[in-house]
Amino acid sequence: MTFTPGQAEVFTEIEKIGQLTRAMRKAGRPVALVPTMGALHEGHLSLVQAAQQIPGALVVVSIFVNPLQFAEGEDLDAYPRTLDEDVAKLKAAGVDAVFAPSPREMYPNGPRTTIHPGEAGRILEGAHRPTHFAGVLTVVNKLFTITHCDHAFFGEKDYQQLLLIQQIVTDLNMEVQVHGVPIVREADGLAKSSRNVYLSDEERELALTLSAALTAGAFVAEQGPAAVLQTAGSILDAASGIDVDYLELRGTDLSDTPEDGEARLLVAARVGTTRLIDNVGVPLGTGFKGLDDGGEGSAPADNAGE
């Protein structure tokens, strides 16, 4: 197999990407996987940069709009697909390989076997998108197996997803180390998201209410959980045009709200027809500096599956 590292060579077949990653591991190079659905932005590129910090790693970025994680009526068909532009960005970033399979390649027999998240997948996102995490965990498990990865990188914007992936790595004894990477935001605080392209100028301005509410809630962390929720909730309630699915304060492991210590404030809401999620770390009982100065709170610990 002829292969030139750093050129973002595109692989569409499971067999071919597997041949590459097995050969690299045999040669002593670990495999670092960055799973994405494409429509790449600076948040995704921060995952790439984190993966490139693994000494000697072969960095593989997967681009796959996974139909299994979209319910009927969601935005599967509308989800932006920009493969050529994505590959150009990844080549400029020095990524080694891109795995961009078709749905038929990934699910030749349909979704016969799925992984379900258990109780932790029934709250927050799971309460509003009950089939979502089974689709996510199934495709992530497949990508881990296909690429033989040693490391995998996920953004903290999808905080519940990150914890559930850590959960299956632990529970299924996978030999993969999962790394959480902090949220990347626009200069005005909006969390980077591929779905931001759906927003009109007016909706984008309104979407800033989410990060504003989280920041305001976190700033009163020393006053306790009730003050955090009341403050954040009042900002969301005052904004016309935002339909909130949930605003919840939970432990960093998504357990019930602690009285003090590190917690996570999470929100999901529709702005127009676009559903957005965001979250922030909240140091209950202590001060809060803001999103740009240590304000993401404690990240989930990296999870080694060995």
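Note: Cβ is positioned from N, Cα and C throughout, glycine not excepted.
The ATP binding site annotation in Swiss-Prot covers 37-44, 155-158, Val184, 192-195, and the record cites sequence analysis as its basis. DSSP classifies Gly43 (ATP binding site) as helix under the three-state reduction. Within the same chain, residues at least six positions away from Gly43 (ATP binding site) with a Cβ under 8 Å of its Cβ are Gly155, Lys157, Ile183, Val184, Ala191, Lys192, Ser193.
Cβ-based neighbour count (10 Å, all protein chains) for His44 (active site, proton donor) stands at 27. What Swiss-Prot lists as active site, proton donor is His44.
Here Swiss-Prot flags Gln69 as beta-alanine binding site, drawing on sequence analysis. Gln69 (beta-alanine binding site) falls within a helix when secondary structure is assigned with DSSP. The Cβ of Gln69 (beta-alanine binding site) has 21 neighbouring Cβ atoms from other residues within 10 Å, across all protein chains displayed.
Other C-beta atoms found within 10 angstroms of the C-beta of Gln161 ((R)-pantoate binding site) number 22, with every protein chain shown included. As annotated by Swiss-Prot, (R)-pantoate binding site applies to Gln69, Gln161.
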Self-check item: Chain-internal residues, separated by at least six, CB under 8 A from Met37 (ATP binding site)
Solution: Ile63, Phe64, Val65, Asn66, Tyr79, Ser194
Quiz item: Quick one, of the binding-site residues Leu40, Val184, which Cβ has the fewest other Cβ within 10 Å?
Solution: Val184
Practice problem: Please name which of the binding-site residues listed here, Gln69, Glu156, Gln161, is nearest in space to His44 (active site, proton donor), Cα against Cα. | Solution: Glu156
Self-check item: Structural state of Gln161 ((R)-pantoate binding site), classified by DSSP into three states
Solution: helix
Quiz item: Would you say which of the binding-site residues Glu156, Ser194 has the most Cβ atoms within 10 Å of its own Cβ?
Solution: Glu156
